[in-house]
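Here is the structure we will look at.
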Amino acid sequence: MFIRKEIDLGDGKVITIETGKMAKQADGATIVRMGDTMVIATVVSSRTPPSPNQDFFPMQVEYREKYYAAGKFPGGFIKRESRPSEKEILSARLIDRALRPLFPNGYYQDTQIIISVISSDQLNDADVLGGIAASAAIMVSDIPFANSMSEVRVGRINGEFVINPTINELAQSDIDISIGGTNDTICMLEGEMNEISEAEMLEAIRFGHEAIKKICSLQDDIAAEVNKPKRSFLAIDAPDELKESIKEACEAPLKELAYMPLAKEERAEKTTAVYKSITEQILGRYKNEITAEDIAADPSKALYLNEQIISGHIHAIEKQVMRHMILDDAKRLDGRKLEEVRPISIELGLIPRAHGSALFTRGETQALVVLTLGTKKDAQMIDTLLDDTEKRFMLHYNFPPFSVGETGRVGGVGRREIGHGNLAERAVKKVVPSESEFPYTIRLVSEILESNGSSSMASVCGATLAAMDGGVPLTKPVSGIAMGLIKEDDNYAVLSDILGNEDHLGDMDFKVAGTRDGITACQMDIKIDGLDYHILEKALEQSKNGRLHILDKMTESIADPRGEIGQYAPKLSTIQVPVDAIGMIIGKGGETIRSITEETGAQINVDDDGTVTISSPNGESAAAAIETIKTLISKPEVGTIYMGKVKDIREDLGAFVEILPRTDGLVHISEIARERVNKVSDHLKQGDRVKVKLIDIRKDQRSGKIRYALSIKALLDMPAESANGPSAQEEQNQ
């Protein structure tokens, strides 16, 4: 059955959803279109029952942008799409985080969602369309799913909110936030903004939610027409008798443990001991009661002897105990109050050869952030469907297994690391100076050395501090905090600066970063259905208090960026030259620019608009290169002294010397030395570098060419201080 429906979101933004034409062997498939951007999403969920020991939902979301969608060839030697780009990974995470909470508890079938961008108008980003398509594909399938989910992007231009702004509109927008939600609630947020207030954030979310409701209704209509019954599944759960036995055995020791304000490692050891003791106790009891014949007669009896089932219910009791402690007693695992931030310590300049560094420690979460400054040549080339750009500010996040006291694979960057690094990067980039103010390429690397919650927000704080330590003139410092939520019916508690356990056992992870004047980035994941706006409002207000507290601690360490960049950072200078002089600076085959680099030790980059950036290890090298370039592009003037190169010898006439690229002059035989010169080659050889003075400029009457008369003798007649004065020194630097 082919179905196509559309909805107009205003401003000519029409979204079309269709199903029944393509990929019909998948459990569900849809195509979503806006403008000329189209995505196809498919979903397949295994019908093989999961293992009785499985306690997680193995869902995989793949988002791929096909280069043919924009009529482009993939870059590089191999002309086909290969591993996912950072943009594709971030888009996949965006969709995964919005969909995952909507699958029913206990549904553990292997599920794969593949979203492919098959057409791109290079105006509309396809990531939010991919979220809509994925949800719609599940809705028209027989896979159990709570309700439809839609994603939109919200921008704001001149104070007016815009749904799904184009790339051109986003360039003018002070908000770029992706929102995922259902008819009733918001389940995912991620975005960046130019220091907006908490009230403005809520307003943007409400605006986006209205559009989400319309798109969800469209999905519901399509699903109703398809009318495919949802498959049944058996959620593996402990029998009631077993649950009661486990609760009786473990509730008291877990409650006693919860009220102990312990460090992470000690709590983990004691918790493991409780799990082991209770599991052995339960197994010992039922091994004596249940025989092989009992299991043959009633296979569910095997669950009483399943360590995974027992451990899973102990975990459920642990979660319940912690949540009640917070809701009933306003007490947290480490003894803090609900709004209290963990102790903070900061050290700057720890890495002697780095261009800037900071060690930011908050409780048991620690980030070492290191700054590297480079030239424009160090910028990251970005090749996507939408555009080809250069990225001059990067923040990379590394999460080694030792940071949580574990062993693990060390190698390529994982999706989580890419996602956390991107969030921290978006938070800080709003205060990074423009290229005209600070022409460096900036790379910050956050090494997570310890982790017990909110390592991405520790990276935001550490990155700000490392940049300021390295003399990067950030407009304002940025801090970040992770908020949590515990909610049971109408009773709830919002937690500031959550621990790893509070994130794992809680209902929300809401990261907010910003300056004193407003929010610069946020990310929210919800594990429950039904987040009320008044809870969101409280979380935002509480996050502001925590953010300002952390900023106070940061400014105690360093209030303003250092006045100079790090000792070992390259020194950059820029000059502007006429566009028609670019060729003169570069020279034939790059000969001139290479020569300047060899002689001065400076690296030179020339942009198409005539901006010349000089990078050098010291100021003297840069100054020499600048003076050389200025001389190269200047017009020859009588009296100017040049360091030239002998190009040709005429024994009875003199020597032709190149004083500027493609500009030669004649040193007449009479201007070579004070004494009489009989043979030019006795004094000069081809290729010699000699200092000459321009003594005359005239136009040849017959050819019309400009002739330059040069003299070596004129410099010999000059006093030493004149011959080595500013103009002569200028040429020595060439």
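Just so it is clear, glycine is given a Cβ too, placed from its N, Cα and C backbone atoms.
Here Swiss-Prot flags Asp503, Asp509 as Mg(2+) binding site, drawing on sequence analysis. Annotation comment: Swiss-Prot describes 570-629 as domain 'KH', evidence class sequence analysis. Summarising the annotation, Swiss-Prot assigns domain 'S1 motif' to 639-713 and lists sequence analysis as the type of evidence.
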By the count of other Cβ atoms within 10 Å, pick out the sparsest of the binding-site residues Asp503, Asp509. Asp503
Using DSSP, would you call Asp509 (Mg(2+) binding site) helix, strand or coil? strand
Asp503 (Mg(2+) binding site) - helix vs strand vs coil (DSSP): helix
Restricting attention to the domain 'KH' (570-629), give the mean pLDDT. 87
The domain 'KH' (570-629) resolves under DSSP into 32 helix, 16 strand, 12 coil
